[in-house]
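A short worksheet on the structure shown next.
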């Protein structure tokens, strides 16, 4: 009899708690906008953070709840942006396709080395060594491939001692930009052919002695650009891609070849 009573009591208590939990789940239910899972399904799932959010889930929520732009997914590109626009019922502005670019051409053939790096396998560690690494140019690519390691799309490789980007594979996710301890990698419009392959900010004859491909801050490019698109800032040439029309005059005038037409 006692066993039956105990079982019945437990059953009644279980029923009461179940009803209470059911009410509580309804009362404290977090409403999820049905657009969020739909948008999440459209996103590629790379979780690269290139959109400025922690991952695809965070971006999907931001698009619906915070009004984040629907064209921020560089991996998905225009196709995903259009799909998100259809879900949201809005027109999405097309954006210029961007690519990562390494501002250094100081390869093994042109850049002087001060010492050998032994046992060092990542760029951050190398940058903390004497003179910021083994290269005489303290601004140059260290060539140890930390950027290559973090690229999920196989868009970077080390060629003759420096990192090079394959723009056909690059999704502009920003992982390589964030990992480079020298700040050598930037995002540029893929349609623009003119690139300054140098980030050296020093001046003097030692600049060219350290690297024969370095920008020497001579301002020949600046004086000859018909669109005022090139200026020497902190002793290194910078291209204003809003003004640049790919005329190539600066690439032909540059005495060290630091400015190049990367499509040739």
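Glycine too: its Cβ is placed from the backbone N, Cα and C atoms.
TrEMBL names 137, 141, 147 as [4Fe-4S] cluster 2 ligands; from the candidate set 108, 180, 198, the record adds 180 to that same site.
Take the [4Fe-4S] cluster 1 site that TrEMBL assigns to 48, 51, 56: the candidate from 73, 104 listed for it is 73. Among the ranges 1-25, 76-100, the stretch that TrEMBL annotates as region 'Hydrophobic' is 1-25.
Within 8 Å of the centroid of the Cβ atoms of 48, 51, 56, 73, where the record puts [4Fe-4S] cluster 1, the same chain has further Cβ atoms from 43, 44, 46, 47, 49, 50, 53, 55, 59, 72, 74, 75, 76, 173. The closest partner of residue 141 ([4Fe-4S] cluster 2 binding site) among the binding-site residues, by CA position, is 176; the full candidate set was 56, 151, 170, 176. Every protein chain considered, the tally of other Cβ atoms within 10 Å of the Cβ of residue 170 ([4Fe-4S] cluster 3 binding site) stands at 22.
Comparing residue 73 ([4Fe-4S] cluster 1 binding site) with residue 151 ([4Fe-4S] cluster 3 binding site), their Cα atoms are 16 Å apart once rounded. Residue counts for the domain '4Fe-4S ferredoxin-type' (161-190) under DSSP, helix first, then strand, then coil, are 5 helix, 9 strand, 16 coil. Inclusion criterion for the binding-site residues 48, 51, 56, 137, 180: a C-alpha placed within 10 angstroms of the C-alpha of residue 173 ([4Fe-4S] cluster 3 binding site); this criterion is met by 48, 51.
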